[in-house]
Amino acid sequence: MATAEAQIGVNRNLQKQDLSNLDVSKLTPLSPEVISRQATINIGTIGHVAHGKSTVVKAISGVQTVRFKNELERNITIKLERLSEKKIKNLLTSKQQRQQYEIKQRSMLRHLAELRRHSRFRRLCTKPASSSMPASTSSVDRRTTRRSTSQTSLSPSNSSGYGSVFGCEEHDVDKIPSLNGFAKLKRRRSSCVGAPTPNSKRSKNNMGVIAKRPPKGEYVVERIECVEMDQYQPVFFVKWLGYHDSENTWESLANVADCAEMEKFVERHQQLYETYIAKITTELEKQLEALPLMENITVAEVDAYEPLNLQIDLILLAQYRAAGSRSQREPQKIGERALKSMQIKRAQFVRRKQLADLALFEKRMNHVEKPSPPIRVENNIDLDTIDSNFMYIHDNIIGKDVPKPEAGIVGCKCTEDTEECTASTKCCARFAGELFAYERSTRRLRLRPGSAIYECNSRCSCDSSCSNRLVQHGRQVPLVLFKTANGSGWGVRAATALRKGEFVCEYIGEIITSDEANERGKAYDDNGRTYLFDLDYNTAQDSEYTIDAANYGNISHFINHSCDPNLAVFPCWIEHLNVALPHLVFFTLRPIKAGEELSFDYIRADNEDVPYENLSTAVRVECRCGRDNCRKVLF
């Protein structure tokens, strides 16, 4: 003990002091209680013990700074906090103030400890690179470059102002690995530090420490040291498990985004720059209030949103603020990117609700459509949902002023004479003076547009497998309800390829009188959209009834217009022969590819009689079909 005391020059005449009886107000710079020739100072604000050498330190005096040598024999000057007598008395008398003071000191401790760790990392970077680099970084250009006045050519440690934060000297800056060769880096297979694999090899690194190397071709991230910018993109200085610090490399975010060390890195820096990040976020949120929800962003960007990108940008901005950097170009670029990320983040909340609403509508729709093939709903264009006032139905709703059709009293007897109904038998179409509608082998329509379809009914001798029973079995093709990109709203496309003459679906809605349809049509024309379909197959007189699919309907509600359509509308009678109340059904006019949008001509301009369609000329509506023969005006 005596030897140790002699070595450090302890005054053996010092007596243990009773601090409770110590009158702080009477202490002076020359008081023996506060003076030591060889001082050991516990500098709590930088997180380590500094040993003063040949330095007289006065803990309570007019001295404002202390100069000492650190463990690397570098001169360090630390500014001491000078407490007033009033504050000292308050701390001694108030336990609450002492606790608040200690909390503040601990916060400073965490902040400066992080800065010290970065400073240590920078010193390691000044060591010469080893010749045995990992295989994936053999092409890295490690030539050092002199600091340039151009911010884009700076090494990563300077682009965010680390030089001013860590107090490094100018000659240290020149030795930091440059990012000039970053573009040549090959992507590593990064993985998280975990249990050693059976194939791990043991080797000595340059420090003489035994380290376990991962299998050949794999490199494990041991630690992410810092983040900087290269051409306005974040890059990370990575320490690899089993390799010396001199073999650290700069990696892009894509290379290390999925590593667990990235989560630790982000969490650590968010705590370090908590105050700066909070202030920056508040500033960006004020700018965000003035931006429309989806201005200059796409649904694809919303779906691909990653919170990590925003977190990294906020950390980069905080580093610039903390360093007092005068650079404007880089923070501006990062700020614009962070603002867009926050805009996308805001839209993502709306997107989640939208997808939930669309999924619910899809579920209800397919429940109504059973047992028909499912219909998929998707919107990759905007954040719109299906109108909540629209009710999906399976069969037509008969209005109060519309008479209910009476059941037919006539049915064919084809199976009594032959095995099945064919074009050569006296089937239902023959009774109405029309042609047999379908080909027997393919079940495809064999009629031209404008013809009528008469199917077998419940009074016919044939069963449900009859080739003249197609529409009554319902939709048999899968479809997709999607949002169009040309401003036409929702549309319908084929999920699979369709042949010419295939039945697609029936036009379903409310069957109302023509007088009521005229009243509703005025409101629809004002909105530039109509769902009124006149049941006027009998052209000898005006139509008596109209189908309105605006508020009640099925998938046909969403089929758009085209001047060159791939669908045609046919009138069809099944259980009754009331000419004024046919079913309106859609058949394909030509082969349709999978994914092709389905459309029909709302206004048959090639036919002056204009059968089945409701014409409205009150408002001119632009046609957006984009076909070569487009009439430019819909109605």
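Keep in mind that glycine also has a Cβ here, set from the backbone N, Cα and C atoms.
Reduced to three states, the DSSP call for Cys412 (Zn(2+) 1 binding site) is coil. The Zn(2+) 1 binding site feature in Swiss-Prot is assigned to Cys412, Cys414, Cys421, Cys427, Cys428; the stated evidence is similarity to another entry.
As annotated by Swiss-Prot, compositional bias 'Low complexity' applies to 128-139 (among others).
The compositional bias 'Low complexity' annotation in Swiss-Prot covers 147-161 (among others).
Annotated domain 'Chromo' per Swiss-Prot: 219-278, in sequence order, evidence recorded as sequence analysis.
Mean pLDDT for the domain 'SET' (477-603) in the predicted structure: 92. Taken from Swiss-Prot, the feature domain 'SET' covers 477-603, and the record attributes it to sequence analysis.
Broken down by DSSP into helix, strand and coil, the domain 'Post-SET' (619-635) contains 0 helix, 2 strand, 15 coil. Summarising the annotation, Swiss-Prot assigns domain 'Post-SET' to 619-635 and lists sequence analysis as the type of evidence.
Annotation comment: Swiss-Prot describes 81-188 as region 'Binds to Su(var)205 and Suvar(3)7'.
What Swiss-Prot records for 123-161 (among others) is region 'Disordered'.
For 191-210 (among others), the entry in Swiss-Prot reads region 'Disordered'.
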Checklist entry - Going along the chain, which residues at least six beyond the ends of the domain 'Post-SET' (619-635) come within the CB cut-off of under 8 Å? => result 486-488, 525-526, 528-530, 560-564, 599, 602-603, 605
Checklist entry - Given the recorded Zn(2+) 1 site (Cys412, Cys414, Cys421, Cys427, Cys428), which additional residues of the same chain have their Cβ within 8 Å of the Cβ centre, ordered by sequence? => result Gly411, Lys413, Thr425, Lys426, Ala429, Arg430, Cys456, Cys460, Cys462, Cys466, Asn468
Checklist entry - For the domain 'SET' (477-603), what does DSSP give as the number of helix, strand and coil residues? => result 17 helix, 47 strand, 63 coil
Item to check | Neighbouring C-beta atoms (10 Å sphere around the C-beta of Cys421 (Zn(2+) 1 binding site)) | outcome: 27
Checklist entry - If you skip the near sequence neighbours and keep only those at least six away, which residues in the chain come within under 8 angstroms of Cys428 (Zn(2+) 1 binding site), Cβ to Cβ? => result Val410, Gly411, Cys412, Tyr454, Glu455, Cys456, Asn457, Cys460, Asn468
Checklist entry - Secondary structure at Cys428 (Zn(2+) 1 binding site) (DSSP, helix/strand/coil)? => result helix
